[in-house]
Amino acid sequence: MFWSFNLSSNAALVQHLVESKFLTNQRAIKAMNATSRSFYCPLSPYMDSPQSIGYGVTISAPHMHATALQELEPVLQPGCSALDIGSGSGYLVAAMARMVAPNGTVKGIEHIPQLVETSKKNLLKDINHDEVLMEMYKEKRLQINVGDGRMGTSEDEKFDAIHVGASASELPQKLVDQLKSPGKILIPIGTYSQNIYLIEKNEQGKISKRTLFPVRYVPLTDSPDDSSDY
């Protein structure tokens with residue numbers, strides 16, 4: 001369904017995603033241009049395919065990150081709050097933070113403690129010279145924590161945007177409960193056969209679901225292996 005391209009730079013990768021029509025929104029394009037995968041992916045960072053980041057985990061293919069930012073952009077406005085479940089390398093946390101800055105909040109949840117520590121280091125290298133994001137980090141409005149993504153966050157809080165980087169057999173009610181009205185969730189659902197779905201909650205709290213395309217993700221309930229998303 002998709003083709004892998006190994007590009008020479010982050011700018012070339014983003015341009016490829018634009019030309020491939022995965023990216024058309026200017027704010028999403030700007031966020032991906034500002035968030036270099038080289039900080040988050042040590043191997044072939046500019047190839048449009050999943051890559052190993054250690055601990056049996058892969059970083060999503062760039063076109064999947066582009067899809068997430070593109071679809072969630074209406075609820076990734078400055079001042080919005082976002083949750084990334086299965087935050088892995090920390091890449092999408094950083095990209096979403098650039099979209100909700102300066103007054104927004106982004107939280108990542110990852111169930112592998114060692115990967116949380118690695119992702120925090122990745123994030124700090126990326127935002128080291130970004131005063132706005134460093135201020136968000138210092139104020140704990142930009143953070144990555146160890147946790148069970150199926151349960152959302154431990155705090156009683158709600159989010160405008162929720163991205164789920166692992167598959168669920170069905171839509172977790174806990175995540176629906178943590179979604180604001182209006183709000184959007186991007187999540188892969190299914191077991192042997194999976195699709196990416198955009199879940200929307202309107203101002204009255206009514207839920208709708210739109211199918212985007214087939215994918216293959218590791219499940220939320222298990223430790224990841226090499227059969228990652230694409």
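Every residue gets a Cβ built from N, Cα and C, even glycine.
Here's what Swiss-Prot has on this protein:
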- VAL57, THR58, ILE59, SER60, HIS65, SER89, GLU110, HIS111, ASP148, GLY149, THR221: S-adenosyl-L-homocysteine binding site (BINDING)
- SER60: active site (ACT_SITE)
Problem set entry | HIS65 (S-adenosyl-L-homocysteine binding site) in three-state DSSP notation | helix
For this session: Could you tally the C-beta atoms, other than its own, that fall within 10 angstroms of the C-beta of VAL57 (S-adenosyl-L-homocysteine binding site)?
Result: 23
For this session: Calculate the distance in Å between the alpha carbons (Cα) of SER60 (active site) and GLU110 (S-adenosyl-L-homocysteine binding site), and round it to a whole number.
Result: 14
Exercise. Around HIS65 (S-adenosyl-L-homocysteine binding site), which residues of its chain at least 6 apart sit with Cβ under 8 Å of its Cβ?
Worked result: MET32, TYR91, LEU92, ALA95
For this session: For the binding-site residues GLU110, ASP148, work out the Cβ neighbour count at 10 Å and name the residue with the minimum.
Result: ASP148
